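These features come from TrEMBL:
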- 261-283: transmembrane segment (TRANSMEM)
- 327-352: transmembrane segment (TRANSMEM)
- 364-386: transmembrane segment (TRANSMEM)
- 398-422: transmembrane segment (TRANSMEM)
- 434-457: transmembrane segment (TRANSMEM)
- 485-507: transmembrane segment (TRANSMEM)
- 519-545: transmembrane segment (TRANSMEM)
- 552-575: transmembrane segment (TRANSMEM)
- 587-615: transmembrane segment (TRANSMEM)
Amino acid sequence: MTSSQTLLPLDYYRLPYCQPEGGPKMDNENLGEFLAGDRIESSPYRLRMKEDMYCEQLCITNLGRGEAKGVSPNKMVRAIRKNYHNNWIVDNLSSATKVEDETTVTTRYWQGFPIGFIASDTMKAYVHNHVNIEIQYHAVETETDKFRIVRFVVEPFSIKHDFAPAEDDDDDATDTDSVTNFKVAEIENPIASCNPLIKDDRKEHTNYDMVYGRGRDPQLASGKVLFTYDVKWTENKELHWASRWDVYLSMDNAIPDKVHWLSIANSLVIVFVLTAMIAAILVRNLRRDFHRYNRLATDEEKAEDLEEFGWKLVHADVFRPPSFSPLLLSVACGSGAQILCMAIATLLFSAMGFLSPANRGALLMAQLLLYVMMGCVSGYISARLYKTFKGKSWQKATVFTALGFPGICFTLFCLMNVMALTQQSSDAVPFTTMVILILLWFGISTPLVFFGAYFGFKQEAIEFPVNTSSIPRQIPDQPWFMHPVLTMLIGGVLPFGACFVELYFILGSVWMDQYYYVFGFLLLVFIVLVVTCAEITVLFCYFHLCGENYHWWWRTFCTSGSTAIYVFFYSFIYFKQLEANSFSTYMLYFGYMALASLALFLMMGFVGVYSCLWFNKTIFGSIKID
C-alpha cells in the first residue's frame, strides 16, 4: 500500500484484511524490488479462468473500534485518512482503477485504488469492502484452451452489508482472523448482485446505481465488516499481449507526447541561443586574440613597448593546481565521472527497451549494478587528475574516491531504513539486503576503484601546452559581475531551464507512483543538459581568464554543478503537491532529494571541469609563448 502523503509504503496485511488459507506467502523478489519497498504477497481472492462471479464472499473481519472524540482511531481509519492505496497484481499486470459516479466513469492506470474514503458531510472514514475485478483476455492462437490476460481493472465500492455470520463462522473473530469458506455470512439486505434468489445467468455485476441507490449507506471503517467481490471476464481480441503495458506506460495519454516534444523544443531553443552566443563571443574574440598574440610586432610597437593584455598574460599560471584541496577536486571529479557513465548507460539501455516495467525492480537494480561496475572509471579519473596536480597521497585519494560518495549514500540509506523500521514501513529492507549492498560496495566497487586508480597513476600526467611558473601571478581586482556566487546563479539557471519539464515528470514517477517510460525523450534532454552545462561553463571560464583570474578549477566545477542547487530548490515547490504533514515524510523526501542533487552536482561539475580543461588546452596550444 502506498500513499503520496506519507511516502512510506505499508505491508498489505498490516491492516486487518482477509488472509489466504495458511497465511500470505511472499513472492520471490529481486534486489531492486526490496530497495523500492515492493512486497508481493498472495491474496485470498479466488479467480477461475473465464468464470464470472457475483458478490463472492471473502471473509468477515473486525476493523476495530469506531471513531469518536478523544479515542484513538483504528489502523484502518488512520490509513484511510493518510490516503493509502492498494496495489494489486494479476499475472504480473498492475491493477487499473475505475471510479464511477452519477455522470462519468473514469479509469486511471497508476497509483492503484484507494482503500477507502472520507465522507465530505460526516468527515468519517468509510472502507471499500467490495471490489469489481474486471479482467480482459484473449486466446493463444497457437495453442488450444490457453489464454492470456491483457487488462486488469479494479472498481472499489463501499457497501454496508447487514449480515448474520454463518453457522461455521467464528463469532469471536479478531483483527487477523478470517474465514476461508466461500459463504461466511447470510446477507439480510442484499443488493441485486448479492441476492441468492436471483440466478447467476440473470444477475448483473455490482454497479454504482445498485450500491448507492435507494439511500443505502456505505460501510464505516470499524466493527465487523463483510468483504465481497465480483469477477468479470471479457474477451479482447484487439489488444495484443506485447502491447498490454502500453496504456500503463502512457498513463492512458494523461500526459500527451506533445508535452515532451515541447519540453525538448524548449531545451533545444536554449541550446541554440547559448551556442549562438558562444559563437558570437568566443569565436570572434578568440580569432582576434589569436591574430594579436601570434603576429610579429612591428618596429613602432617594439619602440613603444606595448604591454600585452587579456588571457595570454596568465599562460604561466592557467594550469597551476587549484589552491584549495586538489585532492577533494580529484575525488569529486572521479565520483562525478562514475555517476555520469552510470546515467548514460542506464538511459541507453532504457531507451532501447531492455529495462521493461514488467520486470519489476529492473531499473533500480540496473542503476546500482552499473554504478558499481563504473568504479574503475572513478578510480582512473581521480588518480590521473590527482597526479596532474602533483599530489603525493595517492593512497588517500583512492580511498576517499572509493568510500566518499558511496559512504554518504549508504549512511543516508541506513538512517532512512531506521526511520522506516520505526514507522513499520515495507521500505525497510531486510538485513540480508544490507549485507548484499555492503558486498557490492566493498567486494566489487572498491576493488574496481583501486584497479582504475592503478592505471591512472601509471599513466603520464595530463600534458599542458604551456609551462607553469614557480611564482604565482597576482590577480587584479575582479568586476562585481564575476563574483563566484553570481556566476553560479547564472550558470545554473539555463541548464535547469532546459530540463525542468522532464524533471517534473520524473518526480511524479518517484514520489506519486506514476509511470515514466519516455526514456528516449529523457536521453535527448539529458544530452541537452550536458551540452548546456559545458557551454555556459566554457563561456564563464573565458571571461575569468580575460580578467586575468586563473583560479578556474573550482569555479568551473561549481558553476556547472550549480544546476543541482536549482533542482533542490525546485523540490521544495514540488513538495507542496504531496500534502505531507509528518516529520518522517519530510526527512524521507528532502533526504533523498538532497542526495540526488549532490549526485547531479558531482556529475555536472565533472562535465564543467573537463570541458574547460579541453578549452584551455586548445586555446593556449594555439598561441606562441615567448
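The backbone N, Cα and C atoms fix where each Cβ goes, and this holds for glycine too.
Caution: TrEMBL annotation is automatic and unverified by curators.
Sequence-distant contacts of the transmembrane segment (261-283), counting only residues of its own chain at least 6 positions beyond either end whose CB sits under 8 Å from a CB of the stretch, comprise 494, 497-499, 501-502, 521, 524-525, 528-529, 531-532, 535-536, 538-539, 542. Remote same-chain partners of the transmembrane segment (552-575), defined as residues 6 or more beyond its termini with a Cβ less than 8 Å from a stretch Cβ, comprise 318, 321-322, 324, 329, 332-333, 484, 487-489, 491-493, 495-496, 499-500, 503-504, 507, 511, 529, 533-534, 536-537, 540-541, 544-545, 589-590, 593-594, 596-609, 611-612, 616.
Note: the stretches the transmembrane segment (519-545) and the transmembrane segment (434-457) are not in contact (fewer than 3 CB pairs below 8 A, sequence gap of 6 or more).
Contact count against the transmembrane segment (434-457) (Cβ pairs under 8 Å) is highest for 364-386, out of 327-352, 364-386, 398-422, 485-507, 587-615. Note on the transmembrane segment (327-352): residues 363, 366-367, 370-371, 374-375, 377-383, 385-386, 389, 391, 393, 396-397, 400-401, 404-405, 519-520, 522-523, 526, 553-554, 557, 599, 602-607, 609-610 of its chain, located 6 or more positions outside it, place their CB under 8 angstroms from a CB of the stretch. Most Cβ pairs under 8 A with the transmembrane segment (587-615) among the ranges 364-386, 398-422, 485-507 are made by 398-422. Beyond the ends of the transmembrane segment (485-507), by six or more residues, the same chain brings 255, 259-260, 262-263, 266-267, 270-271, 274, 514, 516, 518, 521-522, 525-526, 528-529, 532-533, 536-537, 540, 555, 558-567, 570-571, 574, 604 to within a C-beta distance below 8 angstroms of the stretch.
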